Amino acid sequence: MAILSSQKQPLEPEPSKNPQSVQQPGLPPSTPEQGLLTAEVSPEERLSRTDDIRPQRLADYVGQKELKEVLQIAIQAAQSRREPLDHLLLYGPPGLGKTTISLILAAEMGVSCKVTSAPALERPRDIVGLLVNLKPGDVLFIDEIHRLARMTEELLYPAMEDFRLDITIGKGQSARTRSLPLPPFTLVGATTRVGSLTSPLRDRFGLIQRLRFYEPEELSQIILRTASLLKTELTPSAALEIARRSRGTPRIANRLLKRVRDFAEVKAAGTITETIASEALQLFNVDPCGLDWTDRRLLTVMIEHYGGGPVGLETIAAATGEEAQTIEEVYEPYLLQIGYLNRTPRGRVATLAAWKHLGYTPPDGQLSLL
């Protein structure tokens, strides 16, 4: 989300008129690997089965230590009272395991989990069909819950609070409301935009938990486990090499592992060493900091054309040919996380770390902005 200021905004800074003031190593020509480092589910992943590599129990789930402790207490308390779990809202960047957690909760409670997403619930009857078919204690997982239609969301209010479905029959003065009892269930909502949820919906969740990015050591454990399930030989140092470039995201880590596995099977008789992993990821344009071709291009344009910034989002979008929303939602979060980009009231600024990573030397006048 762009940072706004109540003060009058200055005009966009003009492109640097003194290109000699920046030492320019340039961006090597390359064809970016489309979608390899995005945390969104790829079409290939939608078609393939991922259940085989998902952890089935909370004890097998790597990372998110505080979240696991909270959920373990909630599970044990619910089991002792023979009640369903409280409704749970999970928020955070995509690819961190929200769907996996909902499936684990259902497995721990010994119930079924129904998985859907808000865009699939276009009409009120879609959510009604799901709710009336739930069994006592079942888990209903709704991904991208911030995108629920208004009428669908309003149907969830009594369902979540009183396990009741209120259906309006007829129109105008002849309209009447009929209430249908629902079995007690647990709603698990997932969102990347918790601020976009309405207060009435957010307030009906008994547990609200944030998922954080993973440390390289945690991702390394996930990669080693996945490699074992895929019957792939992988050294611990190779797993850590892949983990460092995975943007703190398990989905990306598993995706990179599969691409490295393909490379190793063709080029190195199937065994993945640190050297093989590094060569494969270099081929796929994933650098040691987890930046891909597009990430580096965004920073390079800011540095070469605008002296590192500040520069507006729309200007960056026009200069790179990317949509402003794509830059803001897909590329910027990781650049902000690793400290390569700053958002200021005047625009985006490439940090000193970004200059050094790309091999540039900032001019003296720019150091005050970094």
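For all residues, glycine too, the Cβ spot is worked out from N, Cα and C.
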Binding-site annotation, Swiss-Prot, ATP: partner of Ile53, Arg54, Gly95, Lys98, Thr99, Thr100, Glu161, Asp162, Phe163, Tyr214, Arg251 in Arg204, Arg244, Arg259, Arg261: Arg204
Measuring Cα to Cα, tell me the gap between Arg348 (DNA binding site) and Thr99 (ATP binding site) in whole angstrom. 33
Between the two most separated Cα atoms in Ile53, Arg54, Gly95, Lys98, Thr99, Thr100, Glu161, Asp162, Phe163, Arg204, Tyr214, Arg251, the residues recorded as binding ATP, what distance in Å do you get? 37
If one measures from the C-alpha of Gly95 (ATP binding site) to the C-alpha of Arg343 (DNA binding site), what distance in angstrom results, rounded to a whole number? 24
Sequence gap of 6 or more, C-beta under 8 Å: which same-chain residues meet both conditions with respect to Tyr214 (ATP binding site)? Val62, Gly63, Leu96, Ile222, Gly248, Thr249, Pro250, Ala253
Do me a favour and check the Cα-Cα span between Glu161 (ATP binding site) and Arg343 (DNA binding site); whole Å is fine. 40
Could you find out if DSSP has Arg343 (DNA binding site) as helix, strand or coil? strand
Cβ-Cβ distance under 8 Å, sequence separation of 6 or more, same chain as Thr99 (ATP binding site); the residues meeting this, in order, are Val115, Phe141, Asp143, Ala190
